[in-house]
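Novice: For reference, the structure I am asking about is given below.
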Amino acid sequence: MSTAPGLLRQELSCPLCLQLFDAPVTAECGHSFCRACLIRVAGEPADDGTVACPCCQASTRPQALSTNLQLARLVEGLAQVPQGHCEEHLDPLSIYCEQDRTLVCGVCASLGSHRGHRLLPAAEAHARLKTQLPQQKAQLQEACMRKEKSVAVLEHQLVEVEETVRQFRGAVGEQLGKMRMFLAALESSLDREAERVRGEAGVALRRELSSLNSYLEQLRQMEKVLEEVADKPQTEFLMKFCLVTSRLQKILSESPPPARLDIQLPVISDDFKFQVWKKMFRALMPELEELTFDPSSAHPSLVVSASGRRVECSEQKAPPAGEDTCQFDKTVAVVAKQLLSQGEHYWEVEVGDKPRWALGVMAADASRRGRLHAVPSQGLWLLGLRDGKILEAHVEAKEPRALRTPERPPARIGLYLSFADGVLTFYDASNTDALTPLFSFHERLPGPVYPMFDVCWHDKGKNSQPLLLVGPDSEQA
């Protein structure tokens, strides 16, 4: 069977320059190129001396490739055929086969393998196909724009990696600052992890950049080829048009996928700190907040001490609440004077053997009038004790959620609030050397909050014990 006219020339043409091979080399993946074209398009080799194959992105070493002598001899033989003539019949290529998208001679068209195909005179085919160039050029330009945007995104992600690691190191330094000497080993470990992530992310992103830049070079090269082909004479245009179109569609179909960046670093959060607390007890806990009760917010039955750190429910009949909406009129509660709006905070409340209480935070704009529905949607995040033994979390439900009953109810409650992490955690702080987690709300607070203290009704003296704020100086009264 004879070879179809033009097919041999197509097979012996470099996919990068679209010319007959010049010093052809065959990569390890099987694709062949002019040696100079491969070196030019592949760019600088990686550390291991390899470059990506422009056709399939497989790794190859261009300097180690020897000239493909078999291809070179075929090219040399084909070069003897006059330009624009049939390789089989040596007649002028004057007819265009639409079915096979190639130029053929009159013999191929009437008697050869293209007999019965859809055929056009070369001049008519030239005029018709040339009108398709603007659309193909537009596709190429659009592909260039998309990949240029991808390059910009990757470069921005490289900056984000640096910024993420910088913020992470700052958080590590802030959390471990007070105990830096003791925790040097931990900080070193975290720093190495950050360096590893930055290194791996950087290598991955630079690899993607290299691949995209190589792909962009192919697109730009094709754009130049299109411009050159557009100005070629009829015969040469038709000979190269199919090669250009085929190569263009192949390049567009081999667009590298967008990079996905997944930075995984330990989160400096409540969980992270609790693991450290188990070894360091309270060493890394934020300093105790110097909170004081706000008498103007207290229910009329509550008595706040002069120091502002003690509050109890009086058994004497209290006057009705005033019209000040900042004051609780039904719930026997009080808030702190201090408004919390950012950062992290830790405070402790001595509850002693008080059988009923509730503690937590209250949204600054939450209502304090009437019977309160203590759930997060109403701006209340509370943990309480009922009947001297049942711990309850006031979650979003009709009834509070009963927690695991401790062997002994906590005598002191620690509350940790982190706005950045969206965490409010309650601890049993009865043991001065350890913190035992009781419950956590995991949600970002919608705005500033006040520490809230529901003293609860005195219950005819059964629940008259006070709540005491534990201060940095350990004075509670």
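Cβ coordinates come from backbone N, Cα and C, glycine included.
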Novice: When Swiss-Prot marks a stretch as zinc finger, which of 81-122, 207-248, 249-290 is it?
Specialist: 81-122
Novice: Checking distant contacts: for the zinc finger (14-57), what same-chain residues at least six beyond its ends satisfy Cβ-Cβ under 8 A?
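Specialist: Same-chain contacts beyond the ends: 63, 65-68, 71-72, 75, 78-79, 210-211, 213-214, 217-218, 221, 225, 240, 243-244, 247, 250, 254, 256.
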Novice: Three-state secondary structure of Cys144 (S-nitrosocysteine) from DSSP?
Specialist: helix
Novice: Determine, from DSSP, whether Cys34 (Zn(2+) 1 binding site) sits in helix, strand or coil.
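Specialist: It is in a strand.
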Novice: Just how many other Cβ atoms lie inside 10 Å of the Cβ on His114 (Zn(2+) 4 binding site)?
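Specialist: Excluding its own Cβ, His114 (Zn(2+) 4 binding site) sees 21 Cβ atoms within 10 Å.
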Novice: Let me know how many other Cβ atoms fall within 10 Å of the Cβ of Cys53 (Zn(2+) 2 binding site).
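Specialist: Taking every protein chain into account, the count is 21.
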